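Data first, discussion second: the structure below is written as structure tokens.
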Amino acid sequence: MSAIESVLHEQRTFPPPESMAAAAAVSGMSGYQALVAEAHRDYEGFWARLARENLTWHTPFAKVLDESNAPFYTWFADGELNASYNCLDRHVEAGHGERTAIIFEADDGKVTHVSYADLLQRVGRFANALRKLGIERGDRVVIYMPMSIEGVVAMQACARIGATHSVVFGGFSSKSLNERLVDIGACALITADEQMRGGRALPLKSIADEALAMGGCEAVTDVIVYRRTGGKVDWHPGRDRWMHEIAETQASDCMPEWVSAEHPLFILYTSGSTGKPKGVQHSTGGYLLWAAQTMKWTFDWKPSDVFWCTADIGWVTGHSYITYGPLAIGATQVVFEGVPTYPDAGRFWKMIADHRVSVFYTAPTAIRSLIKAAESNAEVHPDRYDLSSLRILGTVGEPINPQAWMWYRKHVGGERCPVIDTWWQTETGGHMIAPLPGAIPAVPGSCTLPLPGILAAVVDETGQDVENGQGGILVIKRPWPAMARTIWDDPERFRTSYFPQELGGRLYLAGDGAVRDKDSAYFTIMGRIDDVLNVSGHRLGTMEIESALVAHELVAEAAVVGRPDDTTGEAVVAFVMLKHACPVGDEAARIARELRDWVGKEIGPIAKPKEIRFGDNLPKTRSGKIMRRLLRSIAKGEAVSQDTSTLENPGILEQLSTLAQ
Ligand code: PRX
């Protein structure tokens, strides 16, 4: 709450620079309000106009929004298009083939430029190769690849032939990969031999082999491997193929598959309140429209811009603001393979200077760690670099504290660049609440106002609006084109997770708490209201980590909570009861290490608990429910001041408070 308090008392306001406002796609508050009013007057007409302006349709749509099967809304369903055609061909046809699409910088600093014409050819060849393997419209292809041109090519090639891709972040374990391959019924897996991060080669193919060997995914008949490092890999003849070998024999012309706007472009797994990740399914038309439109509104994209989003293609940010949004509008963008701290923590600033980046989009957690690095080593301070090309700065993924916001504005943005705090989610497809750079005065720590056409609100547990100044539940009141369509293979979970009956069944429940400012009506996000943690901008379900822990042979019971962390936003704290006596000293340290590694193997290194506390038991009510609010207090190091009268075993609190590993 203290972060919220400080934002609520935040007096600093930063209006858009006049010159930017004058030239912006959405110019001044009046420009913003005109769009909001247009959506209010004729909601469907507003979206139809944007869909026609942003996308090239093979068959124009007649129907805009269909609400008859709510909450399974459809948009532009009788229209046909192809996402890859919209991202590539149409720019080449318009004479922009020579324009640079991707400036790729490898981990070791090697730079490769790819033009739109080149990218179209590479995608065409690979799409033909996928077709030759028998992959067709509607088939699911899992992509487990490093940040690379090839990763973007793989996604675009799937889109080109109407196959639905599901990218699994390269940091996930073989078990997580296996679960996703099985759940989605994948027929092919595209991976790489290894990935390069921070000067080290990390395996991908061997993890993929392990995932496939775990079984349940026998439908995967083809494994396509991008040769990144040339490192040694096991080879399964008949199943494994090199990406370059199958592509180089193909023609570069590849007829796009025209699909309905509702055709599933991709499925991306994300964490929810249960142990099983949700396969969030996105459409082609509505999704792409918003990826393109938000590039123009939120980032006020101009043809002279060099855009850089530092996300990984394994997350939704990498989908919307690397693979689809920038390409859909014909932008030039930087794609980076490596990490911000290699060879030193000045890497981002050096790359901005080298590539003359003008719009830079990153996560608060990266900013916070680079602040720390700059404070201890003047060599990597952004002030040492020429960042004069920057015009707009963005952040995403988690709340940004006002101090980090101010530092970002001052030291990276030279006090001239608006800082755009964008609130959105895997499920929303694109930005939902953000200060448009030429229109909305920014306030540190607040994502300010919803984008035109997005009806965000704060309600109570019954779905009634709360007054500004009161905290509540963040909802979206009307369907929007880029919203998720369903959860793969589990429509009922889609309905109950996002459109709960308690709120009336029609409001989209985001899962975040929020408050609006009394005067400005600006939104401030208060964090998740469910059992989802946000560590370094990555979503992790507490239940997923608990399930992983109890799967270990020594563990009887586990409860996982989050606690605030200066760098990562939140940190994972696990309370563990072993099957044998509570360990102490060296044994406790050894088992804690073993459990951390175990979680790393079960889910991925991002889910490893920062702290593990062993106890003879967990604090439970007499009915056997774990009292998580007490655990949260202990994790924060607070004295437990809550009512513990319903606690069955009060002595346990002291033990858990003292034994952190
Ligand atoms: O809690 C919110 C937080 O990240 C969650 C969505 O995570 P994910 O689906 O992984 O997508 C992340 C990238 C869009 C949200 O429910 N979140 C995201 N952006 C912000 C944020 N919290 C505060 N401020 C933001 N700008």
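Glycine is no exception: its Cβ is also placed from the backbone N, Cα and C atoms.
It should be emphasised that the depicted structure is a prediction, and the values quoted were computed from it without experimental measurement.
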If TrEMBL gives G397, E398, P399, D421, T422, W423, W424, Q425, T426, R528, R539 as binding ATP, which of D383, D386, D512, D517 does it give for that site as well?
D512
Do you know the DSSP helix, strand and coil residue counts for the domain 'Acetyl-coenzyme A synthetase N-terminal' (32-87)?
27 helix, 7 strand, 22 coil
Near ligand 1, which of the recorded positions T317, H552, V555, K625 are found, taking a Cβ distance under 6 A to any of its atoms?
T317
Which binding-site residues are spatial neighbours of T426 (ATP binding site) here, meaning Cα within 10 Å, out of R197, R200, T317, V550, V555?
T317
G198 (CoA binding site) versus recorded positions P399, V550, K625 - nearest by Cα:
P399
When you put T317 (CoA binding site) at the centre and draw a 10 Å sphere around its Cα, which of the recorded positions G397, T422, R528, V550, V555, K625 have their Cα inside it?
G397
Distance [Cα-Cα, Å, rounded] between R197 (CoA binding site) and T422 (ATP binding site):
27
W424 (ATP binding site) to S536 (CoA binding site): how many Å between their Cα atoms?
15
All-chain count of other Cβ atoms within 10 Å of R200 (CoA binding site):
11
